[in-house]
Amino acid sequence: MRAMAWTTILLLVLAQLLASCGRAVEVNDSDAASDKQLEIRRCCRLDEDLEDPGKLADGLPRCVPSPEPFNPEVYSPEIGNFLPQPPISWRFLENTRPVCRPTQQLRFVPRNKFNPFVLLSSGNVYVEVGSETSLAPEEYCLGSRTLLACMPRKNESLQAAATMRPKIRKCCGENAIYDVERMGVAVRDIRFTLYPVGFIISAVFLAATLASGWLLPSSHHLLHWRCQTYHVTCLMLGDITMAIIQLGGTSLQGEFCRALAIMAHFFFLATFFWLNTMCFNIWWTFRDLRPASLEKGQEMLRLKFYGAYAWGGPLVVAGLAAVLDHLPISPEYNFLRPGFGEKQCWFYGNAEILAYFFGPIGLLLLINLLFFAATARELTCGLWKGEIVKSTTERAALGKVCLKLVIVMGVPWIFDVISWMAGGPEALWYVTDLCNAAQGVLIFVVVGCQPQVRATAKRWFRNPRTNTNLQGNGHSTTSHGMPSIGDSITQNPSTKAVPLETIC
């Protein structure tokens, strides 16, 4: 009996041990199941999301209330597609950010079409497009469409790093240093002295050109005269604005600086668009050496077309640049901003100047050059080699005509674009740049110093009252009798009584 009792006791103890082992196995299984859950850090609390640090003054990412539901896009390599919702094995740790190593730096990474970071079902994330390295779950935290990631300090690349790169302000612009004694900017480049003087001189002579044009009221109805007046006016306003910018230097700041840059941009664009219409009109006039007469209504209709083109083009280009420059800075916008007023009261750098200024202007100048070549060919082949021009004097006069057309059709402006593209020593381009800065002098010499202008000016100064009698004279319906091109030669190219030097 005792043996049976001891046997029973041993069996009970063994059963108790087996039961405790079973419970231990169950506990271990539950622990193992809990170990399979993947902890994913979420940067903010529920109903909050990360705000773009670029919009904040301190540049630090912070959590703000957000109605957008938190549903990150997770890609599963097993099924080859995005999951409708995060895996059930993920456990989100709210308001938890990663702790970066000393060699890493916490950076804000927005998700956009140019930098679509990829979050895998394994918890790893590929931050940089095309990169073979990924970040582990403990190296980042999630927002709705953003990341705060521990990125290497030295390998700053692509947009993810660029968005958090600190911006250092440079005290002075190019070719300038800070003078401690004067507590201002000391300019060490002679261009900042020569160019404003050139712009001022050009503006004065352009104003004189406009005044000389008003001395010939008989030409005021002519199409070329009106195009030329708009061209000269825009160039004069552009020169004045650029002279203010050059003389003001770094003392011009803020919205006033930006406004001056936008105005100069528009005026110079309008200058070249009106120059383009002038070149087209000159080529159209001499394309067959048989200028056709236009009724006043036809002339006004053509002027409206010219105006729509010459004002509409600058409004589109300059307006687009101004709108893009005033849009708020955001990683979602990756267009090229003009950067008005950021470094100077002009464009920020060469890429911006090429896109918004020298690109359109270079195209217009190329078209103008083609118009000039076609016009010069018509004059030389049609007059020089024909029966119209025979004597040496007339051929010399025709050569002067072509030389004046070089100025009237804006051929020297091409050197301004070439100097900008070629670069090199600045002194190499001083002459061409100064000539273009003082373009008004050349225009005045060609347009404002004609014999008929001088004669009218003499009569006006001798007896100003006679000027009122000139207002009703000259009602020709041709669109070609321009102040820079003689009326008689355009009316009848075969006329030999009028000297050819009056053609320009």
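Just so it is clear, glycine is given a Cβ too, placed from its N, Cα and C backbone atoms.
TrEMBL annotations: computationally assigned, not manually curated.
Marked as signal peptide by TrEMBL: 1-24.
If you look up TrEMBL, you'll see 191-451 marked as domain 'G-protein coupled receptors family 2 profile 2'.
Beyond the transmembrane segment (192-217), the same-chain residues lying 6 or more positions past its ends with a Cβ under 8 Å from any Cβ of the stretch are 175, 225, 228-229, 232-233, 235-236, 239-240, 242-243, 246-247, 249, 430, 433-434, 437-441, 443-444, 447-449, 452-453, 456-457, 460, 467, 470-471, 473-474, 483. Taken from TrEMBL, the feature transmembrane segment applies to 192-217 (among others).
Feature annotation from TrEMBL assigns transmembrane segment to 260-284 (among others). Panel annotation: around the transmembrane segment (260-284), residues 223-224, 227-228, 230-231, 234-235, 237-238, 241-242, 244-245, 248, 252, 306, 309-311, 313-315, 317-318, 321-322, 325, 338, 340-341, 345-347, 356-357, 360-361, 364-365, 367-368, 371-372, 374-375, 405, 408-410, 413, 479, 485 of the same chain, lying at least six beyond its termini, place a Cβ under 8 Å from a Cβ of the stretch.
Annotated transmembrane segment per TrEMBL: 305-324 (among others), in sequence order. Same-chain residues lying 6+ beyond the ends of the transmembrane segment (305-324) with a Cβ under 8 Å from its Cβ atoms: 223, 227, 230, 262, 265-266, 269-270, 273-274, 276-277, 281, 335-338, 340, 356, 360.
Annotation source TrEMBL lists transmembrane segment at 353-376 (among others). For the transmembrane segment (353-376), same-chain residues at least 6 beyond its ends with a Cβ under 8 Å from one of its own Cβ atoms are 265, 268-269, 272-273, 275-276, 279-280, 282-283, 286-287, 313, 317-318, 321, 336, 338, 346-347, 402, 405-406, 409-411, 413-414, 417, 420-421.
Taken from TrEMBL, the feature transmembrane segment covers 397-415 (among others).
Summarising the annotation, TrEMBL assigns transmembrane segment to 427-449 (among others). Under 8 Å from some Cβ of the transmembrane segment (427-449) lie the Cβ atoms of residues 191, 194-195, 198-199, 201-206, 208-209, 211-213, 228, 232, 235-236, 239, 404, 407-408, 412-413, 415-416, 419, 483-484, 504, all in the same chain and six or more residues away from its ends.
Residues annotated as region 'Disordered' in TrEMBL: 465-504.
The feature compositional bias 'Polar residues' is assigned by TrEMBL to 465-495.
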